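Noted in TrEMBL for the protein shown:
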SIGNAL    1-25  signal peptide
ACT_SITE  GLU116  active site, proton donor
ACT_SITE  ASP257  active site
ACT_SITE  GLU350  active site, proton donor
ACT_SITE  GLU371  active site
BINDING   THR474  Ca(2+) binding site
REGION    515-555  region 'Disordered'
COMPBIAS  517-542  compositional bias 'Basic and acidic residues'
Amino acid sequence: AAMRRSLGPLLCLLALRLPAGSGAAARGLDVASYRERVRAMFYHAYEHYLESAFPYDELRPLTCDGQDTWGSFSLTLIDALDTLLILGNVSEFQRVVNVLQEGVDFDIDVNASVFETNIRVVGGLLSAHLLSRKAGVEVEAGWPCSGPLLRMAEEAARKLLPAFQTPTGMPYGTVNLLHGVNPGETPVTCTAGIGTFIVEFATLSHLTGDPVFEDVARKALKALWKNRSDIGLVGNHIDVITAKWVAQDAGIGAGVDSYFEYLVKGAILLQDKELMSMFLEYNKAIKNYTKFDDWYLWVQMYKGTVSMPVFQSLEAYWPGLQSLIGDVDNAMRTFLNYYTVWKQFGGLPEFYNIPQGYTVDKREGYPLRPELIESAMYLYRATRDPTLLELGRDAVESIEKISKVDCGFATIKDLRDHRLDNRMESFFLAETIKYLYLLFDPDNFIHNDGSDFDVVVTPFGECVLNAGGYIFNTEAHPIDPAALHCCRKRKEEQWEVEDLMREFYSQKKTKKFTLKRAPDHGEGENAKEPEDASSEKAGEKRNSKKSSHSLLSCPSQSFNSKLAVLGQVFLDNT
């Protein structure tokens, strides 16, 4: 029952659209003005990358040149692609799609991070592929089950598969894109580097029909679960050959973070009870052993004793993740703790000593990370608390004041004296700018509540897309969950409203429309009940057909909300 209570808000939240007119106006914050400032920040960074750094991976903003960092993929261009569409720039999106098709080659003798290549390259290409039609790209027949960006994502992912060929199924951290895993490669990988594949790899499997990607991602997730400690915690680094923990610090931050994130997001994306059950068990242990006064410390994974009383900036994703399981009150309390650190320094230092209330030696920098802004975006969608917009305001002011230089935005090397470093990571355009913009743009298509959607024809039938409920990978690349149901025929996925929708389609010639109400299959086509009564009755009928709700469903959910989250396929057999 407790699991059902926490999961109900989880999925409903994804389709949530609270009414406009929040407390922002009361506090005098001009949301539209900040949105345009964020747009200007993006183009200041993006244009200087194109002018000074392309085709290198990243811009070096202090010297106005470029460098390769993660594998020579023109990484910033891939990472920024879906941000262009979120900002409404379809012409540049289309241009970049052509540039990437012509210029990116994965058949190169380069040692690449398996984790980073997945979240930035595979994730970025998958997101851009699924958004291509919305961006006005002329897609090929069979889309979204085929397309050039999908083939590029698949090619990149196949280059990573040799890393998973270990006795445990947990991958090496580095792979050579031409030769596979190098002889002598270290078998020690961080937990996040093992457990952060299910979103991208399951999407690939569902779109291409090749199960190998989802299979290896699941095997890696389950290997970590199998090797948790007796008190339910995982450490920081593990030997992927022997499954022995090398670093036994347990927490929610660096080296672990996105493993927990992907259990939740994988559960939502795939409607997978097992993944959510795993996370909820971890969540209990995390609360029992690492949580103190709404902070989260690092502890020894077998004993639960405190090993590091520090807050890491990477941990700031946690309130956003809590909001996805409906734990909004705890999320806000932790968020406010983290916000006090931002106010103290004008950014989040990499490490913050909680008892001393100050930075940790050699960890004073802020590389323009997105995690606190990400949490603010999620929590604002759930609460409309104007404090969350104030964090966005402070982020814009701080980054512009401290980090902006002639050729872009530079990593802050030390928040105490505002010294800068000659690097602008690609996640600044992929994540930090994107989450800021979405925080200040409540009407963006990403926030679609499911009432508007597109129907596309695939070789497997008609498919609903762009209904909202997007799942962001850990690099903020949005994946449309509906797309996972477009590329295979599964009878069990046909809802009880299929007959209604077939009739609805026959009456509509257009392929884009707005759904106003959601009668149940059993109502009859001439039902005259009011909308609210209809929804209530539909909920009662669903209850009567099943003894209990699926743990990954919202009770008495209206059809358009359900569609936004699940995005199913409707087959026309008439």
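Note that Cβ sites are derived from N, Cα and C of the backbone, with glycine treated the same way.
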Neighbourhood of GLU116 (active site, proton donor) by C-beta distance under 8 A, where only residues 6 or more apart in the same chain count: TRP70, GLY71
Candidate recorded positions ASP257, GLU371, THR474, pick with smallest Cα gap to GLU350 (active site, proton donor): GLU371
Length of the line joining the Cα atoms of ASP257 (active site) and GLU371 (active site), in Å: 11
ASP257 (active site) CB neighbourhood, other CB atoms within 10 A: 25
Cα-Cα distance linking GLU371 (active site) and THR474 (Ca(2+) binding site), given in Å to the nearest integer: 10
Around the Cβ of GLU350 (active site, proton donor), the count of other Cβ atoms that are within 10 Å: 21
For GLU371 (active site), nearby residues of its own chain (Cβ under 8 Å, 6 or more apart in sequence): SER313, LEU314, GLU315, ALA316, TYR317, GLY320, LEU348
Count of other CB atoms lying within 10 Å of the CB belonging to THR474 (Ca(2+) binding site): 25
